[in-house]
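> What TrEMBL shows for this protein is this:
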BINDING   G597, Q598, T599, G600, S601, G602, K603, T604  ATP binding site
COILED    364-434  coiled coil
DOMAIN    41-148  domain 'Calponin-homology (CH)'
DOMAIN    515-675  domain 'Kinesin motor'
Amino acid sequence: MNSPSDRKIIVPKEFDNLDDISYGVERNGHLGLSPYGEVEGKHRLVLVEWLNSLLPSLDFSTNVTDGELRACLSNGTVLCLILNKLRPGSVTMVSESDLSLPSQSENVKTFLKALDGLGLPRFEISDLEKGSMKPVVDCLLILRIKSLMNSLGENASSTSSTASSPRGYAASSFHYSPPFSVDKRRASTESRFHHVLSSPNMAEPSASLIYQVGNKFHEVFQIKPRSYADLPAAKISEMMKSNSLDNAPTQSLLSVVNGILEESVERRNGEIPHRVACLLRKVSQEIERRISTQAEHLRTQSNLFKAREEKYQSRIRVLEAIASGNKEESEIFAGKLQRLKVEKGKDEEKKENEKKIIRLMKMLDDKNLVILELTQKLEAAKTQYESQCSQLEKEAGDAKAELRRKSQDYEHQSEELRNEVKELETSSDSKYQEWNVKKNHLQAVINFQFSSLQKLKLSWESIRQDVVKEQTVYAEECNRLGVNLKPLVHASQNYQVILAENKKMFNEILELKGNIRVFCRIRPSLVGKKETQSIIEDMGETDLVVENPSKGKDALRSFKFNKIFGPATTQGEVYSDIQPFVRSVLDGYNVCMFAYGQTGSGKTYTMTGPSGATSENLLGVNYRALNDLFRISTSRSSFTDYEIWVQMVEIYNEQVRDLLSTDDSQKRYPFIISF
Ligand SMILES: Nc1ncnc2c1ncn2[C@@H]1O[C@H](COP(=O)(O)OP(=O)(O)OP(=O)(O)O)[C@@H](O)[C@H]1O
């Protein structure tokens with residue numbers, strides 16, 4: 001049986017970070033040294049240790065009294081300092097120099113308001129002023145438990161945070177959950193787990209954390225979102241070689257994984273560069289290692305909790321043995337209980353102790369449940385990350401295969417391009433040769449053209465000299481011609497005068513010959529008629545004698561004409577005597593010619609010509625007169641304009657008819673002539 005001095009409960013060091021378990025911790029290894037109740041004394045010791053570790057300047061003794069605590073905490077400054085220590089900048093307090101008596105409770109109010117905000121139970125301001133400090137102590141202990149729970153959550157996500165701060169408060173955040181509710185603890189744990197994964201605060205580590213994890217990983221934190229793919233391979237390999245990943249906070253590693261995955265998802269082709277995939281695998285391996293370590297750590301802690309529970313069970317059994325009246329033990333404890341009776345009343349204390357032990361056991365059970373849940377969560381997280389890693393490896397494999405396929409495509413394309421380049425080179429060579437041939441040909445043509453040009457220039461020069469010479473000769477000729485032209489000009493000026501005189505004399509001759517002339521043309525006998533049937537007895541130049549036997553002694557009759565044309569006279573000979581009258585028309589005189597005779601005497605033959613005449617010699621007077629009119633008017637066109645029009649009429653049975661009119665109403669006289 002152990003003596004009272006042997007019944008020291010030596011708490012393993014690992015339990016220092018655990019909240020409720022540490023209620024039973026006595027740094028000097030003894031129970032019940034406090035002037036307060038045994039349990040409350042232990043609570044107070046735990047609180048004192050915690051406060052001293054948070055704010056070393058307080059330097060509370062282990063036997064701190066209510067009065068000392070009240071004196072220290074009553075103005076609220078220390079309370080606010082505790083909060084700010086746990087969560088930097090969480091409250092703004094009034095400095096001590098500004099504190100006046102009326103506003104002394106300002107910092108206390110601020111502290112209590114912060115507790116309300118965190119959802120933690122609070123005390124009243126009056127508790128700080130008088131009476132027991134137990135509500136204040138309990139409140140601070142719950143705050144401590146809460147901070148340790150958060151510290152445990154932090155430990156689950158970062159092994160380095162405990163290394164940087166023994167209690168891991170520097171980067172903690174608080175999420176209140178009622179201390180003895182399993183469901184709410186689960187909710188709180190899940191919340192913390194979610195917080196570790198998604199909190200922006202975790203993605204942005206504190207300055208001290210960055211300092212601890214090293215500059216290499218700090219560079220990774222400085223990478224802008226969606227720029228992992230652009231990170232140089234040298235920098236990634238340097239980071240992977242260094243121990244920066246080992247020192248980096250887990251939430252930062254998760255942020256890197258999430259960043260790479262988000263970047264991969266947002267990229268259209270979903271490809272992950274090889275170097276980034278290597279970094280991803282390295283980070284995943286590091287996370288996996290940490291999860292395994294954490295799980296192992298939690299299993300160890302669970303075992304320790306179980307050992308601790310067994311010890312408490314043995315203690316309970318001892319106490320039960322004491323209670324059941326073990327004599328020796330009773331005697332030993334009797335003295336002790338006697339002393340305790342004197343101080344407070346042993347029976348009540350024992351019952352209270354039993355109740356607290358039972359509560360402690362319940363708390364242990366709850367804790368175990370929480371730890372079990374945490375272990376399960378971590379196992380689930382590990383499984384999830386393993387599946388994610390395998391998924392990532394699969395995707396990396398797919399990406400590699402895709403990359404290989406694309407590489408082959410590129411190889412194929414580059415091969416095709418090389419072939420095309422070769423073909424183009426060949427074609428360009430042939431074209432170059434063609435162009436060279438053409439160039440040589442063109443050069444020869446140009447040379448030929450150049451020599452021809454030279455010859456042309458020489459020819460042109462000689463021609464120019466010839467032209468100059470010819471111009472000189474021409475000028476001389478022109479001068480000579482001008483000299484010769486002078487008499488001609490003079491002669492032409494006289495020519496018009498002479499011509500006018502000629503006209504005048506010509507028409508005077510015609511007048512002298514007679515304005516009215518009568519010619520007689522004797523038609524030859526028609527085919528089939530006898531010559532003897534002719535009545536012409538004698539025919540001279542101008543005289544004609546005809547015989548009419550039916551008249552008896554007056555049978556012979558003579559006629560006189562201006563001229564008589566015999567049967568052998570040609571059409572041209574007839575016109576030659578008429579032609580001067582035609583020319584007289586163009587000099588402005590009126591001329592009228594008509595043929596007169598009996599039917600068949602030859603009028604049409606003389607004026608027009610025989611029908612169907614093809615020979616020019618057979619043309620009659622009309623054709624020849626018109627021909628002369630046009631010829632003479634053309635020759636005089638340089639100095640006289642003539643208008644010539646034709647009208648053909650027939651006078652038959654004293655009726656005049658227009659032979660050219662197409663309008664029947666206009667055919668008979670009088671005609672309406674329009675020009
Ligand atoms: N000088 C001539 N030489 C040859 N044949 C002629 C000559 N004169 C007229 N004849 C012929 O005589 C015929 C009658 O001539 P044409 O018709 O000229 O007579 P006409 O006086 O005009 O008759 P009509 O008054 O009836 O019209 C025609 O066959 C014509 O060829």
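Backbone N, Cα and C atoms are what each Cβ position is placed from, and that goes for glycine too.
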> Relative to ligand 1, which of the binding-site residues G597, Q598, T604 have a Cβ found under 6 Å from one of its atoms?
G597, T604
> Residues with Cβ closer than 8 Å to the Cβ of T604 (ATP binding site), same chain and 6+ apart in sequence?
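Those within reach of T604 (ATP binding site), by Cβ under 8 Å and sequence separation of 6 or more, are A595, G620.
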> Other than G597, Q598, T599, G600, S601, G602, K603, T604, which residues of the same chain sit close to ATP? List them in sequence order, counting a residue when its Cβ is within 8 Å of the Cβ centroid of the site.
R523, A595
> Tell me, how many other CB atoms lie within 10 A of the CB of S601 (ATP binding site), whichever protein chain they belong to?
14
> Taking only same-chain residues 6+ apart in sequence, whose CB is under 8 Å from that of G600 (ATP binding site), what do you get?
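The list for G600 (ATP binding site) reads L526, given in order along the sequence.
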> Please compute the mean pLDDT of the model over the domain 'Kinesin motor' (515-675).
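Here the mean pLDDT over the domain 'Kinesin motor' (515-675) amounts to 87.
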> Restricting to the same chain and to sequence separations of six or more, state which residues have a Cβ under 8 Å from that of G597 (ATP binding site).
K603
